[in-house]
């Protein structure tokens with residue numbers, strides 16, 4: 001399992017939100033490229049970038065920062081989400097050197113777009129499913145749908161999606177522990193690999209994900225915990241590497 005540091009971009013700065021609320025943002029750095037360097041130096045093997053402005057505006061806003069990070073670390077797998085709602089945007093990021101694009105809102109509202117994207121950019125597409133009480137949320141979490149997460153995930157199996165980033169909104173940015181049960185249930189219900197997101201606070205939370213013994217969980221995204229120092233990237237990755245399932 002990979003430990004994947006998150007860099008959330010708002011107005012060119014690196015921030016963290018609590019429960020997806022744009023008005024509840026903590027700025028951790030005004031130099032996201034330097035922040036990426038910190039996590040790379042700390043031993044991370046993959047980065048998770050989010051264009052928060054893009055998620056709310058429906059188009060890339062912090063694209064220059066994303067490109068700068070991708071060009072600085074051409075051998076590091078980077079995944080980007082936020083405002084990805086067209087094939088043109090995906091092409092822009094792929095050309096910039098990004099390894100994976102995460103389709104969120106559009107995957108829920110127009111599921112057929114995921115198939116189009118997978119055909120145009122095979123192996124490059126991740127679906128981001130954000131949930132509240134098992135139901136999918138969209139538009140920067142502003143709307144909660146009547147669609148069950150597991151039902152939607154199964155729909156994408158035939159498309160060739162590389163992974164699902166699963167976020168429990170009630171946990172995100174609160175550092176109260178990951179929703180292991182829901183994450184494992186999703187991973188067991190679909191053939192698509194799952195990346196856990198939201199609520200990871202410390203090594204104990206990583207251990208709980210490992211203890212779920214769910215091969216389908218291939219990574220864990222962490223944000224506030226690594227910024228506030230309750231989790232060390234290298235230590236967490238070592239725990240994963242040494243875990244015997």
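Please read every residue number as a count from 1 along the shown chain.
Just so you know, glycine gets a Cβ as well, placed from its N, Cα and C.
Features of the protein shown, as given by Swiss-Prot:
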type     : residues : note
ACT_SITE : 8        : active site, proton acceptor
ACT_SITE : 130      : active site, proton donor
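Distance noted between the C-alpha atoms of residue 130 (active site, proton donor) and residue 8 (active site, proton acceptor) is 16 Å. If you take the C-beta of the residue listed as 'active site, proton acceptor' and look for same-chain residues 6 or more apart in sequence within under 8 angstroms, you find 14, 15, 16, 17, 49, 50, 52, 223. DSSP classifies the residue listed as 'active site, proton donor' as strand under the three-state reduction. DSSP assigns residue 8 (active site, proton acceptor) to a strand.
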